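Participant: According to Swiss-Prot, the protein carries these features:
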- 7, 385: Mg(2+) binding site (BINDING)
- 14, 209, 210, 211, 212, 213, 283, 284, 285, 331, 332, 333, 334, 335: ATP binding site (BINDING)
- 92: substrate binding site (BINDING)
- 149: active site, proton donor/acceptor (ACT_SITE)
- 181: site 'Transition state stabilizer' (SITE)
- 242: site 'Transition state stabilizer' (SITE)
């Protein structure tokens, strides 16, 4: 069985083609800067006999043009003989709202719901839907499955997902906390339980997905019971360009003081804040280098980021009662030892203690970063959202 996973962003397409007999990728690729003057195309074959790679810089008009390039290169590179022979396509869809608590086979009703939910994810759901529509038009017989970022968090209790706003706002407009990065949190939690030989339905963990977008999840008995993101991905941790938790009155105050419209203020909070807002850069590598050289703003940004993560760990330890593991994943969580060290520093009395030599040089794959005989295991686990989407796609396909 061959499954193609598509992850369409506002100006990008990320994809992986899997052979589901062994859950191994046959090819992967990334198309970036769609709609800009010079776009980028990168496709890599993972076939044992042929590890060829294609890199191009060219104008890519829109997502449909990008998807045509994906189809063309998968066949031209000999990765697949016929695109129509793909068994299914799994789509990452960011917002599933109250409607979708699990992956679903796409039909007209599902497409209408994804479009309706675009008001909650205006940057993501419309392009996710564009990918679905492209496949439906070009290859109508290929089954498509939508896998929702929010679905894993559908198990949160109402006292965790509700905002203390007039209840009618929830009833009329579904204003509540949904959470995101669910596919990643789910994947690394399953991998951790397997690694620690704990039955997943008895596994308690705090998962830290730390990248340019970042979130924490509290997982109890294998289910999400709380997470840091809310109605949108703006809530929670300090991120690359997003502010995370702030006093809501700040929005009105900025608008008045700086003479900004609501739209302009929201742009500041989403694209000009977070690490970038504090030190002018959202690249963790640059920030770490600058901080080591004594740059005060870079040091402040780093400390603020780590402190916010640490506060969420403490809160979720209380929510869970028992914690088997703390799991670092995502670009920053996997690759920046200094951030992991700063987050775990001072938590020894809670049973969290890093083994510094291992943390500094963890190697590849799943790594136990904790000191021997500590109460809570600290793990570094590379996430694989595409594989998790492929696995969920396969399960839905087998049911139908």
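Every residue gets a Cβ built from N, Cα and C, even glycine.
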Participant: Just name the most isolated of the binding-site residues 14, 285, going by other Cβ atoms within 10 Å of its Cβ.
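Facilitator: So among 14, 285, the binding-site residues given, the one with the fewest Cβ atoms within 10 Å is 285.
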Participant: According to DSSP, does residue 210 (ATP binding site) fall in a helix, a strand, or coil?
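Facilitator: Assignment for residue 210 (ATP binding site) reads strand.
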Participant: What is the Cβ neighbour count of residue 212 (ATP binding site) at a 10 Å cut-off, with all protein chains included?
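Facilitator: A 10 Å sphere around the Cβ of residue 212 (ATP binding site) contains 17 other Cβ atoms.
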Participant: Pop the Cα-Cα gap between residue 242 (site 'Transition state stabilizer') and residue 283 (ATP binding site) into the table, whole Å please.
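Facilitator: So the alpha carbons of residue 283 (ATP binding site) and residue 242 (site 'Transition state stabilizer') sit roughly 13 Å from each other.
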Participant: Please state whether DSSP places residue 14 (ATP binding site) in a helix, a strand or coil.
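Facilitator: For residue 14 (ATP binding site) - judged by DSSP and reduced to three states - the answer is strand.
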Participant: Near residue 332 (ATP binding site), how many other Cβ atoms are within 10 Å of its Cβ?
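Facilitator: Taking all protein chains shown, residue 332 (ATP binding site) has 25 Cβ neighbours within 10 Å.
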Participant: Quick one: of the binding-site residues 210, 212, 285, 332, 385, which has its CA closest to the CA of residue 92 (substrate binding site)?
Facilitator: 385
Participant: Give the sequence-ordered list of residues that share a chain with residue 149 (active site, proton donor/acceptor), lie 6 or more positions from it, and have CB atoms under 8 Å from its CB.
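Facilitator: Result: 92, 93, 94, 95, 96, 180, 181, 182, 183.
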Participant: What are the sequence-distant neighbours of residue 7 (Mg(2+) binding site), meaning same chain, six or more residues apart, C-beta distance under 8 angstroms?
Facilitator: 13, 14, 15, 91, 92, 385, 386, 389
